[in-house]
Structures are given as structure tokens and as C-alpha cells.
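Asker: Structure incoming, see below.
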Amino acid sequence: MNCRRRTDCLSRPLSGLFEKLGSLVGSYPLFFFVIPLILTAALGGGLTFLKDNEDNDLERQYTPKKGPSKVTRALVKENFPFNDSMFSEDRLYDQGIFASLIAQAENDENILENGAFKDLIRLNREVLDITVYNGTLGFKQLCAKANSDCVSNTILEIFSSKNRTGLVFPFHPSSSGPVFLGSVLGGVVMKENGSVISARAVKLFYYLEDKEDTADAARSWLRGFKSLLSKWTHSRYIKVSYYTSKSKQEEIDSHTTDGAPLFLITYACAITFSVISCLRLDNVRNKVWVAVFGVFSSGLAIISSFGLLLYIGVPFVITVANSPFLILGIGLNNMFVLISDWQHTKVKDSVPHRMAHSYKEAVMSITITALVDLLKFSIGVTSDFPAVQSFCIYTSASIVFCYFYTITFFGSFLALNGKREADNRHWLTCIKVPSDKLNDHSDTYNICCVGGRYDPDTGAEKKQPASNFFKDYYGPFLIKPWVKGAVILLFVGYLSVSIYGCFHVQQGIELYDLASDDSHVTSYIRKEREFFSAYGPTVMVIVGEEFPYWDEAKRRQLEGCIEDFKELEFVDKEIFTSWLDSYYSYGDESHLNLDEKELFLKNLSNFFDLNPFFKQDVNLTGDAIYASRFFIQTVNISDGTEEMEMLHGLTDTAEKCSAASLQVYNQKFIFYDQYDVVVYSTIKNVAVITAVMLVVSLLLIPDPLCSLWVTFSIGSVTVGVTGMMWLWDVNLDSISMIIFTVCIGFTVDFSAHVSYAFVSSEKTSPNDKAVDALSNLGYPILQGALSTILGVSVLATSEFNTFRTFSKIFFLVMSLGMLHGLIFIPVILTLFTTRSHEKKEENVEKVYQVSKF
């Protein structure tokens, strides 16, 4: 048979190479055992540089590198430099330096009541009294200023006026002009005329100057604020949540190494599961120590890869902390593959010969898996999210080390264990024991001190009962006609629920998801969502080019574009800040004809003297206005989906304006940019993974139809995981995208193995082929899936959402992958495959190759 008609043109010479490697490892096991230990010891020193390479900057790591809002921010900084002497929160191009608190009335009562109001005033006084540097600097010295005065919480001034019952929402009239309360008063109940009846929460801000010479003092003041609020519990009327501009970053930095203790617990669980899986009643064939060193091999790979990358300065992001759990699962699967092949060899053969035969069959499969995994992670290296890039780099390196340590370190220990078995030595004491029961000894002795039996018909170790269960019970049950019908109904129901969930999955990262459950960050952001979502961020509408504002016709066109923004459902029609409207009102009052360019430009300086805030909204250079901005107020933004719809609506409206080049910006848009990129990247990654898997399956499975079913299983599991994410309250964001993309590729293993065994089976009936495939692969698939799920199950107990998300998605992927491999794919293959009357010459060899799984 020529190469074009074969599927093993590459695998056959590689199998021969691995056969020689196995013989070499079996002949010199100590060499291959010691070298990885020495290499790990050398590379492990890089872990001392972990702190130096930590990089968890939220914006840099979790937002798209080329996000459009970053370009817009550069435009804002260039045209509208911030004026420190005229602080304006709406005009910030970043979040600034601030502390904030949300005071909520106990038992959801009215915070405007006298007791709660007095406690709030007292708390505010204590915050203003915070000092640093031995009392030399306080809030008055460090505060952000406007007109030489600290920017205050106007809501407290209104409270102090003893007119709390006369509040009007959202604009409260005052002698200096209307005061907007929408962003600081939450849970408001009011009359039709806007008079406030009650409110459940108040939000206070304390902005500090953002200057280099006071940066250290500002950080110290923020620490003092956190210290005060973390201990402030002496109130029976209000409960307080707090937050600072440094909180998110400090929170994520503090949890970078939180995965370490969980990983140790996972290791203990993995060792326990592996030992139980490899436990034998036979005292010689028992492979307890093989299981322990199989897990240990994965640990060495993680230490070596992480140490190497930290040596060369690759950034360590908190998402990388998930990688060891993934590598542990891969290492366990590799271990089960090698052990399975070893058990198929003849026990009377020499150890080098047994190792050669095991490597010939198993390492080829491990190599294919490793190459596919590397291809998957190479996709992530090109991601727009640096956090994804770092995760993929660390995981790729770990996969390489895991692969080489499996075929060297673990293989050498398997050979050493084989030498023990060849000498018929006890698994624990290493003392030679008899292979047959001795009648003149007690039952206890025969149970504990006898072993070494094997199957005389095959010359190999005896099969485990679980394998017989799939052959004698599960397989025949699955191929019954009524069971097939039930499986198809189950599959249709599964797809229906999953597709429904896909249309409801939330997008976007909630910032409290980057903090622990008991963090002050989580409490604050949840309260903010609960009480202050009625009014969202104030958005700049930027005219980013030279524009003749004095030209009435063109000005009317621009005003028409602004009106289009106001027509959006998430934009308030009444709340609008415009220097241009105010300027023309000023012109009307002063009887000026501002439709003439000369008068328009000449009188701007007088207008800005009277309204200094507006001077920050116009880039006037010479006799031309090169840029200006207006402000609109968004409303009813309560979750990531609404944030995405708002951003899309605003950008689409800006693009439709033909009068001028418009752009929209708020500093929160830097994070909102992830919505489009996450969806696009996820679809792209899954598509590439599917294409890779299709090529691999076509090379490995000698039946194009089965290859298509394997590829279809990827799409099915992808839809299933996405839909179940909605049911399990998991958002589609940059973190879940990493996990989703990484995990989804593993699902094909189950379907591919079953399909390959089905096609390679000597049986002629499709039903018999399915039973034969399940007999060979049912237990190994179950074993591999459960070991992987167990490897990440500990993460479900974490207080950190990133780890819990990893646990949830990995559980879904493995469970649905196992569901396809053990139920859906076998049934589908029996329904869409015709009876084969010809036996392929290579089937005997292929069935043996596949049985290792």
C-alpha cells in the first residue's frame, strides 16, 4: 500500500524512533531519572524572581492592546489637557486619584432620617481629619481643587442646610445653580414632581490632586482612608462600603499567589485519585508508586517551565496561576496512556523490550496530543489581551516540559518499577514474594505477601473489571433501539437548551470578579450596581477636527448629530452640557452676533473668563478651533450587556454623523472595548482549533465521515459550554475566554478516540463496532475525565472568581466532552455508518494502538 493510501506515513517512522527511545530508557533508567531532577533544580531557581516579574496592571493586561478607546483617550489628552486648578470629574481622561464610600441605611430604611444623617456627617468629618506624615498633610493640602477650594461633596452641604425634606431629584435647585444628585443619591423614592420622599444610599467622593510631588502623600492618605473605613463599625444607622482608585490593583496584586495552597491540595487529591486508579490487589503488579511519580512528573514540569520563563523575564499575570491545574490534568492523562500500554505488554519480556513496545504505541499518541495543544496555545499568543498572551506562553512551555518529562522521568520510573515486577518483588517492601498462594501459610499472608500473576492466554497483566463492564453491560445497553432513540432526544434537548443559553450569556468583566468575595472592592461595586445604576457614566462627545462653529448651517447639522445621541434609549434627553449652547446664550444676553467668525473668536476669551470650566472643552489655537467636546448623560446601565449596547449605540451614532468627525469617550470605555474583542477572539480561536482538529482527525481516523463527526463534536461542545455558562452565571470576558479557548480543544480527544476505535474495529456490524470501541476506550475516557475534573475541583472552593470560573468551565468542558465520547458519538456512528463487509489489513494493529487510551 503506497503512502497516499495510508494514514501512517509520518507516524510509522516516528513510532520506530519512539520504540528505540523506549528501549534506551528501559536500559538506562537512572540516567533519565536523574537528569530531569537536576534540570528542575537549576531552573527552579527562577521562581525567586516571581515578585519581580508580576504584572497585574488592570488596564495593560485585561484590555485590548489596540482598543479604540485608547486611541480616543490620546486625542483627549492632546486636545484637552487637564487643568489641576479647575478640577472636573466629568473631564477626567483617566479615573484620577480618589477615595469613595457608599453609606446605606440599615434595614433599607431612609438614609435621610436624622440618625443616619448624623452618622454620615460624623463619618465625613473623620475622613476629612485623616492626616499623613505625622499630621503635617491632610485632605485640605492634598485635595483636588476648583477655584482654589477643595472639591466638596455638595450633597452634604445640602444636608447641612436642614432642608433634607425639600430635595429634588435628579437636579436640586441651589443659589449657585442646579446640583446633579443622580450619581450620589441612590434608591430614591420620589413624587411625580421630583421631590424626594426617601433614599436608601449616599455616595461620597474624595478626590486628591494627581501630581508627582504629592503622589507618595496621596497614596499614604488613601491607605489611611482604607484603615479608617475597615474599622469603622460604630453606627447603628448606616453600613458603609468603601473603595479607592488603587483598590482594584491592590486587590489583584494581593491574590497573585493565592493559587499555591489550592494547587497543593489539588496535588494531594490527584495523587489520591491516581493511586486508587492504579491500585491492584496483586502485590507485585500494584502501581501505587508509579501513580505518585506520574503526578510528581507534572510538578517538575511546572517548576522547570515557570522557572525558565521567570529567568528570562516573561510577565507573570494572575491568570497564569490557572496553568498548573491544566498541566496536572495533561500529565495525568499521559500517565494513564503509558500505564495502559505497559499493561498490554508481555510480562515475561525484558524491561527494555516492554518499554520499547509501550513507547512505540503510547508516545506517538502523547506526541500528537502535545503538538495539538501547542497549536492551540500558539493562537493565544497572538491575542489582543496581554493576560491571554502570558497565560499561553507559560502553558505552552509547561506542555513542552510535561511532554519531555513524561517520556524521560516518568518513563524511567516506569522502567524501574518494571524491574521490580520482573524480579517479582513486593510493591512496598521490595522483597521477593511467591507468585502463587501457599497452602501452608495463612490467608493474611497470601493476601499481603503473594503476587505476580498474569493472564496466561495473552501473557499480559489481567484486565480490570471496569473494562469488562463497558464490554458486557454498558455497550450492549447503549445500542438497544429504544436507548438510541432516547439518546437522540437527549441530544436535541441538550442542543436546544444550549442554543437558548448562547443568546442570553452575559458579556464583559465585572471588576469585582477580579477581587475576592470578602473584599471591600466586591462590596462597593455591588452596592454601586444596586443603588446607582440609574445614571451611568457621563460621556464626552468629541469633535475631533477643525470645525466652523460660527457657520449657522453647519452648526445646525452638528446640533442634529447631538440630537441623535439624545434619542438613544440609554441617554438622558435633558441632561446635556455644551459650551457652544452656553456661548450662544451668553451672546444673546450680550447682544452679540456670533454667526460672524471674527466676533465668535474675539469674544471667546471673555466667555471663558466667566465660565472657566468650559475653557477645558475647546482647543483654540490662533483663529481656529481644532477640537471641542460636549457631554451627555447615560442612564439605566446595570450590567455588562447594557454597557456593550450603550458603547455600540454611541459609536454607531458618532460614525453616522456627516457634519463632523465625532468620537465618544469616558475612561470606563477602556474596559468596555473588550466586549467586541472577546466575542471576535473567541469565535476566531474556536474556528482555528476546529480546523486544526479536523486536519488531525483526517490524518488519524481513516474515515472522512467519522472525521466530520469528530469536528462536529467540537461545535456541539462549544455551544453547550457557552449555553451552560449562562445557566451557571459565568460571563464571557477576557478571563473566561482564556479558559474557554484552552479547554475546548481537549473535548475532541474523547470523540476522536472513540471514532478511531470504531473505524479500526474488526467487527462488521456498526453496533458491534460501537461496543468494541467502548470496550477498549470507555474506562480510560472515564478515568481521564474524572482525573482532570478532580484536578480543578478544588478551585471551586476559592474565594477568587478567576479560579472558580476556571473550575466551572473546565468541569463543563470535561463533562460535555465525556458525554459526547461515551454516549452521543457512539450512537450517532451506529446510525450513520453502513455495515462493513471488508476487513482492513491494518485493523488488528490499529485496535491495539487505540487501546492504550
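Note that Cβ sites are derived from N, Cα and C of the backbone, with glycine treated the same way.
Automated prediction, rather than curation, is the source of TrEMBL annotations.
TrEMBL lists these features:
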DOMAIN    259-416  domain 'SSD'
TRANSMEM  21-50  transmembrane segment
TRANSMEM  262-281  transmembrane segment
TRANSMEM  288-312  transmembrane segment
TRANSMEM  324-342  transmembrane segment
TRANSMEM  362-381  transmembrane segment
TRANSMEM  393-416  transmembrane segment
TRANSMEM  677-701  transmembrane segment
TRANSMEM  707-728  transmembrane segment
TRANSMEM  735-759  transmembrane segment
TRANSMEM  779-797  transmembrane segment
TRANSMEM  809-832  transmembrane segment
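Buried or exposed, and what's around them? Tell me for each listed feature.
Answerer: Here the domain 'SSD' (259-416) has a mean pLDDT of 86 out of 100.
Within the chain, the transmembrane segment (324-342) has long-range Cβ neighbours (under 8 A, six or more residues past its boundaries) at 259, 263, 266-267, 270, 274, 277-278, 287, 290-291, 294-295, 297-299, 301-302, 354, 357-358, 361-363, 365-366, 369, 373, 395, 398-399, 402-403, 406, 410-411, 414, 418, 742, 746, 749, 780, 783-784, 787-788, 791-792, 795, 806, 810, 851-853.
Tertiary neighbourhood of the transmembrane segment (809-832): same-chain residues 325-326, 329, 478-479, 483-484, 487-488, 490-491, 494, 705-706, 709-710, 713, 716-717, 720-721, 724-725, 728, 730, 736, 739-740, 743-744, 746-751, 753-755, 758, 766-767, 769-770, 773-774, 777-778, 781-782, 785, 788-789, 792-793, 796, selected by CB-CB distance under 8 Å and a gap of 6+ residues from either end.
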Asker: Return the stretch with the most CB pairs under 8 A relative to the transmembrane segment (262-281), choosing among 21-50, 393-416, 779-797.
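Answerer: Top-ranked stretch among 21-50, 393-416, 779-797: 779-797.
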